[in-house]
Amino acid sequence: MYFHVQEFINEIAADEPDPAAANALQEGLGGQFGEMRTMMQYLFQSINFRGPDGKPYKDLIQGIGTEEISHVELIGTTIARLLDGSPRYQGKPADPVDKPGSGGAVPLNIALSEGNIHHYLVGAQGALPVDAVGNPWMGSYVYNSGNLVLDLLYNLMLESTGRLQKCRLYEMTDNKTARSTISYLIVRDQAHENAYAKALETLGVNWRTSLPIPKTNAESFPEVKRLLEMGLQSKIYSFDLTGQSQAGKIVQGMSPSGDGTHLDASEQTPAGAPMTIAPERPEEFSPGADADLRALIEATAAMEMADIDATFGRMK
Ligand code: MN
Ligand code: MN
């Protein structure tokens with residue numbers, strides 16, 4: 001079973017809205033090699049895992065799959081932030097919907113010029129489980145043959161392709177909100193690439209000079225370089241509340257990427273970053289509360305919580 005921590009896995013930098021960047025990032029969320037696919041692929045491989053002797057491999061896949069849930073949350077929130085407010089709309093949140101901001105702009109007018117009409121109509125200024133051209137995410141993307149070596153090979157291919165696409169995404173936009181998340185995912189893709197490569201090494205594979213895939217100059221991206229200097233490409237988190245993960249039996253020794261670092265599975269989770277709730281958007285009728293509904297919402301929000309003991313918490 002899963003717990004939730006009300007933090008983002010990494011900080012999302014502040015910048016102007018950028019609907020075109022949001023559109024591109026949809027590929028990284030709901031595309032064939034996006035975060036929804038990594039999340040579902042590893043969770044299904046973990047659910048269907050066979051062979052009690054292989055527990056360290058199951059624990060590795062399960063821990064990475066759990067991190068991928070947070071990647072879905074991170075990139076989805078990033079897309080929503082990039083869409084939240086047209087760059088040319090100067091209205092105040094309290095303005096009536098039919099009285100848009102200065103300059104005669106209409107609030108969602110950006111939808112007509114950015115090729116995102118369907119997205120704005122269906123999902124408004126939020127993320128959708130679709131790729132960059134609007135194809136819905138599909139369960140048939142998930143690869144789970146049940147053969148351990150095959151599944152690990154495919155996972156390595158998936159992380160490598162994800163990293164390739166994120167490096168391309170980085171070069172499409174200089175928006176700070178987009179780049180903060182893209183850079184984090186580039187580095188974590190490499191960490192997962194390293195982990196699956198190491199798991200395959202324990203099963204007899206010798207990578208020699210193949211890794212990392214792709215051979216990129218991602219370390220020349222300043223945001224990526226900062227995360228590499230923190231060693232995030234070589235850490236695997238257990239996301240295990242009860243201390244039973246054996247993934248550390250696999251994730252140790254020199255990194256298969258040949259960067260001279262040691263793989264490290266000693267941490268339960270990353271530090272996390274504060275989580276906030278998006279503002280109301282009257283122009284998209286979200287959350288769509290009139291005075292009566294608002295009074296009821298505020299009454300609920302003002303209610304006293306019954307005393308609840310915090311039974312579970314993060315292990316420190
Ligand atoms: Mn990911
Ligand atoms: Mn990954």
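Every residue, even glycine, has its Cβ placed from backbone N, Cα and C.
Look at TrEMBL and you will find E35, E68, H71, E159, H192 tagged as Mn(2+) binding site. E68 (Mn(2+) binding site) has a Cβ environment of 21 other Cβ atoms inside 10 Å.
Look at D59 (Ca(2+) binding site): DSSP puts it in a helix. Taken from TrEMBL, the feature Ca(2+) binding site covers D59.
Sitting within 8 Å of the Cβ centre of E35, E68, H71, E159, H192, and not among those site residues for Mn(2+), are the Cβ atoms of T38, M39, Y42, I64, E67, G162, L185, R188, D189.
You'll find the Cα of E68 (Mn(2+) binding site) roughly 14 Å from the Cα of D59 (Ca(2+) binding site). In this structure, H71 (Mn(2+) binding site) is part of a helix by DSSP.
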